[in-house]
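Presented below is the structure to which this report refers.
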Amino acid sequence: MSVAGGGGGESAIDPKMTAGIGIIGGLIGIYATPINPVLGPLLAALGAVCAIVWGADAIARVASYGLGTGVPSIGYMSLAVGVIGTLAGLAGGIMMGSAYTMIAPLLGVVLSVILGGVIALIAKKIIGMKIPVLVTGTMELTAAAALSILGFSAAIAGSYAMAPILKSVVATGFIGLLFIMNTMAIQHPFNACLGPQEDRTRTLKLAASTGFISMAIVGLLGMGSSKAWWVIAIIGALAWFISLRMFLQASKDDAASVAWSGMWPKEEEH
Amino acid sequence: MDPLIMIGAVTVAGALIGGGVHFLPVGGAPAAIATATGVGTGTAMLAAGSAMTGLITAAAMTGSPLWLILAGGAVGSMLMIGVTMMVGNWVYVWGVGTVPASAKVTTDPITKFNQEKYVTPGTEGHGIPTVCFVSGIIGGLLGGIGGGLAYWAVYESLVTLPAYAPLVSGQTSIAAAMVAGVFALGLFFVNSVIASYNIGGTIEGFHDPKFKRLPKGVVACLIASIVTGLIGVLLLKGGVF
């Protein structure tokens, strides 16, 4: 199905840089949630966008080898792992006592990485997939998925503890929406840009725009539970506009020519 | 519920889901342009459609005996996959103008109709012939039972915890139902993607030579589901806040 093929080419962007942005940005955003009722959720949402950019870069590195099942499938799988790991981590953090609530988000990310690693090992050892970066790529991808879910959940609930997230993200059903929306935000950039002339800088510009439009929607979802909802929605929408313009400009710059095809003819010729 | 029973139920559910995916007529991108038999989309999308419908119908049966929940999940998944295949066939027959035919077998194992003559040269069949349709319904049945089982196990474990107790005793706890639903959905996606790696993206159904890979796929899903179940136990242990 996927015709990405080839794989392993030099990327225009250092993988360590996107990983750094994703991990550090995501964790700072999530842990900064309690500092201020408006600024905290905003930082959490921005952290989730950082994680989405990292995830889009990780998916591009794995899927450029050609998975045989299309790019979206690994995106759905990683978000499924991310949601299971996040919920289990947040709940598990409570088990250790209230003093350790701080550990809960980190535990969610670690559990997701473990589950992602196990699945990738199964795919490699039992099923026999021949992708050299499958294990590390899937682990990065599941970590990014967990961070994006955590960041957006914290932005909606205004806290990263299990009880508020359960009340305003899970019980309301927003978790299902986050599941599919973050999948789209992470897998769409590479799915749309793949091919022999794929330029990672351009792909990541699209990733920023999908991340920011998700952030704008997350802002609207937080209307009932967070004071910061309008700040998140407006900043997300503005940043989406800017990043989409950057992506369109990059596409135009790389294109041989851009021409308007005109409207279809009035009468069909037979 | 005992956490061990939950892990066991989740493991069995994962194996059922992984096995069920092998029955689906997944055509992938070639089928989307009617050059291969099956529904023209990937496993993850077919699983998403039928899994969500199956989980909604299973969740509607919350509080009923186990067999009713499993039957609810199975009927929902079978209906959704059946509708997807039938409407897909309408598009292939009346929209694209091709005859449903499989290139993997010379005669349809169920209807005994000749297939070879109707396959357009240069393609690997098109549309969803009878055998693929029946196979897809079996896949929906297995997947739906698996999804329902995982939902039941997690819901029944959560609902006994104080944090997830229903607001009115005797009624459904919405928080527990949502957590169980999302967990079952995640399990469904993980196993359907592992199964789809195993079949290499596309399969026609139980008559496809690739179907012989089923045991390997089920073992892979079994191991992945055990790990998922182990992580899921944390949901129960942390539910006492």
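Just so you know, the numbers here start at 1 and follow the chain as drawn.
Heads up, the Cβ atoms here are built off N, Cα and C, so glycines get one too.
Here is what TrEMBL says about this protein:
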type: TRANSMEM; residues: A:42-62; note: transmembrane segment
type: TRANSMEM; residues: A:74-96; note: transmembrane segment
type: TRANSMEM; residues: A:102-123; note: transmembrane segment
type: TRANSMEM; residues: A:144-163; note: transmembrane segment
type: TRANSMEM; residues: A:169-186; note: transmembrane segment
type: TRANSMEM; residues: A:206-223; note: transmembrane segment
type: TRANSMEM; residues: A:229-248; note: transmembrane segment
Report task. May I ask you to check whether the transmembrane segment (A:169-186) and the transmembrane segment (A:74-96) make contact, with contact taken as at least three Cβ pairs under 8 Å and only pairs 6 or more apart in sequence counted? Result -> yes
Query raised in the report: Top stretch among A:74-96, A:102-123, A:144-163, A:206-223 for CB pairs under 8 A with the transmembrane segment (A:42-62)?
Result: A:144-163
Query raised in the report: With the transmembrane segment (A:144-163) as the reference, which stretch in A:74-96, A:102-123, A:206-223, A:229-248 has the largest tally of C-beta pairs below 8 Å?
Result: A:74-96
Report summary line: Same-chain residues at least 6 beyond the ends of the transmembrane segment (A:74-96) with a Cβ under 8 Å from one of its Cβ atoms are 55, 59, 62-63, 67, 103-116, 119, 138, 141-142, 144-146, 148-150, 153, 160-162, 165, 170, 175, 178-180, 182-184, 186-187
